[in-house]
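> If you look up TrEMBL, you'll see B:T68, B:P69, B:A70, B:G71, B:E72, B:G73, B:K74, B:T75 marked as ATP binding site.
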Protein chains: 2
Amino acid sequence: MAEPLSDIAIARAARKKPIAEIAARLDIPDDALIPYGRDKAKLDADFLKGLGDRPDGKLILVTAINPTPAGEGKTTTTVGLGDGLNRIGKRAAICLREPSLGPCFGQKGGAAGGGYAQVVPMEDINLHFTGDFHAITTAHNLLAAMVDNHLHWGNTLGLDPRRIVWRRVMDMNDRALRDMVQSLGGPANGLPRESGFDITVASEIMAIVCLAADLDDLQVRLGRIVVGYRPDKSRVTARDLKADGAMATLLKNAMLPNLVQTIENNPAFVHGGPFANIAHGCNSVVATRAALKLADYVVTEAGFGADLGAEKFFDIKCRQAGLKPAVTVIVATVRALKMNGGVAKSDLGTENVEAVRRGSANLKRHVGNCISFGVPAIVAINHFGTDTDAEIEAVREAAAEAGVEAVLCKHWAQGSAGTAELAEKVAALADSGRARFKPIYPDAMSLLGKIETVVKDIYHGAAVTAEPAVLKALESFEADGYGHVPVCMAKTQYSFSTDPALLGAPSDHIVHVREVRLAAGAGFVVAICGDILTMPGLPRQPAAERIFLDAEGRVEGLF
Amino acid sequence: MAEPLSDIAIARAARKKPIAEIAARLDIPDDALIPYGRDKAKLDADFLKGLGDRPDGKLILVTAINPTPAGEGKTTTTVGLGDGLNRIGKRAAICLREPSLGPCFGQKGGAAGGGYAQVVPMEDINLHFTGDFHAITTAHNLLAAMVDNHLHWGNTLGLDPRRIVWRRVMDMNDRALRDMVQSLGGPANGLPRESGFDITVASEIMAIVCLAADLDDLQVRLGRIVVGYRPDKSRVTARDLKADGAMATLLKNAMLPNLVQTIENNPAFVHGGPFANIAHGCNSVVATRAALKLADYVVTEAGFGADLGAEKFFDIKCRQAGLKPAVTVIVATVRALKMNGGVAKSDLGTENVEAVRRGSANLKRHVGNCISFGVPAIVAINHFGTDTDAEIEAVREAAAEAGVEAVLCKHWAQGSAGTAELAEKVAALADSGRARFKPIYPDAMSLLGKIETVVKDIYHGAAVTAEPAVLKALESFEADGYGHVPVCMAKTQYSFSTDPALLGAPSDHIVHVREVRLAAGAGFVVAICGDILTMPGLPRQPAAERIFLDAEGRVEGLF
């Protein structure tokens, strides 16, 4: 058997069409496109405004079981399903997150789908793309520079230098920047203090760009960002520093959705990419809304497993943006279910139906959770060459026990031919009108009540514990008028519990909230449960070592 | 009299043409353009390769007297002269540097010319433009992350952690990042050490992008970058870390020249922007070479005054790229000459012919220096409303005493109508064939000899002094095969001496070299004389506070 082609080889062989042709598929006129190269474009702000009155298409969420090192292929399945819907004659668009440069040079190499289910131009999408992340980085760091500049020039706002909460960001895996003492070297360099960098996808500005309705909303949200506190604990905001206008200016183009294509020439919006732990993990509201106005079916994804990604998609993104999802697709692989069933990564090539059955507890839990939001669900089994018929049958049985259907998908190897069945069934579910979406808790519930609801109803934990300082902080957020916002849970993506080693479907665990942070601009309260890394490091052998330009100037080593 | 329009108001009122029409003026076909929006494009790599055999146009350098707070208008004059050449029927293009975001949010507000001599779209050019600086920032910081990652994972290359010379960069004025202790917080965060950030324009990678001939040359130069030393003082390079390929990949598009237009719809290449102290201060070789193949006259600028900018343009850029400049234009203003003649900024509105005469010593010195490179020169008097006829006449006389003509220019107020005379005279000089360009020192001279040549012949200093460590370092560079490279002098831009308060034309001063650095990738040795700030700070009231989006989403506050 021939060696399968690498992702970049498949992507490069794709017969891309001019982006105007892709846009025309959605009746987007040429003059609504702001080109970035020949195969990428942003949609013009005036065009977006004019879409307001059209009816919405049907919104399909792709989520997954808890991630394992075996890989689930959520983005790949999102792309494959979008291509499948187009293949069966539907007017469908895809909405994805933009990849971060950090993991690209760290472990992953690239993140724009895989095999025959990719978005292209994959090199550009994986590298600087249309500059959105760089704009977010710059806006974030401008605010940080203005905070330190304010301290330097006399601190008329009375900030407590020990209580600055606004760090800096870089779109890079760089552990050396996690903790630092800055402003050293004498009075000309400002007031020495402890701080550090997060990766750009962890920036509150990333979340703001992805949740803001338009430029006006963006500027208001940016102004609300809390940069630190006075000795009396009162908040100092970006607006107080007069930073909101310049930040909005830097983000003007970053707010416009990016249009690209799949390797089957179907339209894909790739826009925004917040972390799914410290933030809500979904592509931008602006892109999703535009896609819903332009297509009859919109397939989008949420970060990590459904416990984090889908919950936040429903409770944060859909709540804030007033979106009504029609179907949830839960991606599972035989390999990942085996790992959830206790099999080591090195043994995944051997048939083990029993392990699949055990691991399917994880799948069933996610199915039940997703259905509890009032949205019908279906399972997509993302096929690997080593899967056996008996193992696949075990997944089907588990899905049936959870009350939903499971469909085998072969998009990685076959493109849309491998997802036609899934597409038919998803379209039928979407058209059935069965969805009765509602968030899992009301706005009016207390912040602690919201945390408890997620822990009990989604994580199936027994209780929430919290430091006294956490309870006090939650009360102060409520007293200051932020009681109505949703909570954004930051916990490990590997388990329903806060212990990454606890796979499958653990119950009755205790979830301890270590810290809470008000993301006043994004409009949520982050509840940090366990250790959350907001600045990854590079591995011993970074992917960057293998990336280079070939003699024709083409990118090699992204995969 | 009506209030003059702001730069942004004039820029916004410009009737921009589609960038393909501007390109067509230079016979650049549509398929050679990579569009970035509707009014910016990069030139395709294949098209650039195909230009190789064409004859070159005439290269015209615009430089200036030493800068003062009164402003000289070098970029504005470069744009005005380009428009003037087009006005008199010449096929002319402009080559400028890209502005940095740092000063944009600090003091300056914007840097794309001024008045009726601007390049547009000025908001985009001043903000993220086509992402070149972000790409440079990212490539620089990837290398830094790989250095610290290497230390973290066992340091098999044997780097001395105390002798890492590769810092990080950000395109921001942020004094807080000048000096820091990083990698704090325990073993998971790496090896604590002192470091800091420079502004992106000070990155060696900025200089490399601006000097590299093509992608191959780029990758080789990147590999040569010295990141630090072993305890035995041997060098460790980016190539040793296997970082060169990924860095080149990040810079693939940043290497392609950007095409925009002046407000009079003439072609302008705006590409690259290294500092003129720590680096060589000129736009990219790639852009200048392309412009020379496409136009009959190419007007370009160099940073700061002629002592720094023009000297480096000749001795570094023209030497490395084999360029033969035809004319040098030296920009002066009555106001700046008055300041050089001892007048305070607050008194510049009052006629003071004697001060103009005294200050003209600075102009005459620069004229003589420029001519010493074998290139004919002309003085452009950039007109201000407060200039009197007698003052202007004094400048003309000073120029005549230096053996060159001075032409009054009113491009700020009148556009190309104000530079038609200058354009005629510059074109005549360029066509005269009088230029016999040669660098001021040969490659074969010792590094110290090169420094002494610049100090004596250009700065008119008496002697060079240096720390013993500096002399030792220069010898080691020569022993390692870097003796043939030019020197890049880093000193104050305000004076021929190293004392910024010593205006006019000081002589017989001593220039002390505090430190030398090998920029092995850029291909020069930096000689640092006096305090050079490589990370500016924001002022008490940053320009950022006044920048915002108006109700129509347009940028306000850039000027």
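Including glycine, each Cβ sits where the backbone N, Cα and C put it.
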> Restricting to the chain of B:G73 (ATP binding site) and a gap of 6 or more, list residues whose Cβ falls under 8 Å of its Cβ, or answer none.
B:G114, B:V331, B:T333, B:N382, B:W412
> Highest Cβ count within 10 Å among the binding-site residues B:P69, B:G71: which residue is it?
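Highest number of other Cβ atoms within 10 Å: B:G71.
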> What are the sequence-distant neighbours of B:A70 (ATP binding site), meaning same chain, six or more residues apart, C-beta distance under 8 angstroms?
B:T333, B:R335, B:A336, B:K338, B:M339, B:K345, B:L348
> Taking the Cβ of B:E72 (ATP binding site) as the reference point, list residues of the same chain whose Cβ is under 8 angstroms away and which are at least six residues distant in sequence.
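In sequence order, the residues whose Cβ lies under 8 Å from that of B:E72 (ATP binding site) (at least 6 apart) are B:A64, B:I65, B:V331, B:A332, B:T333, B:A336, B:N382.
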> Looking only at DSSP and grouping its letters into three states, which state does B:T68 (ATP binding site) belong to?
coil
> Are there any residues at least 6 positions away along the chain from B:T75 (ATP binding site) with a Cβ closer than 8 Å to its Cβ? List them or say none.
B:L96, B:A111, B:A112, B:G113, B:G114, B:E301
> Which ones in the same chain are close to B:K74 (ATP binding site), with CB under 8 Å and 6+ residues apart in sequence?
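Correct list: B:V62, B:T63, B:A64, B:E301, B:V331.
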> Relative to the Cβ of B:T68 (ATP binding site), which residues of the same chain, six or more apart in sequence, are found under 8 Å away?
B:R335, B:A336, B:M339, B:N340, B:Y494, B:L503
> Which secondary structure state does DSSP assign to B:G73 (ATP binding site), in the simple three-class scheme?
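Coil, per DSSP.
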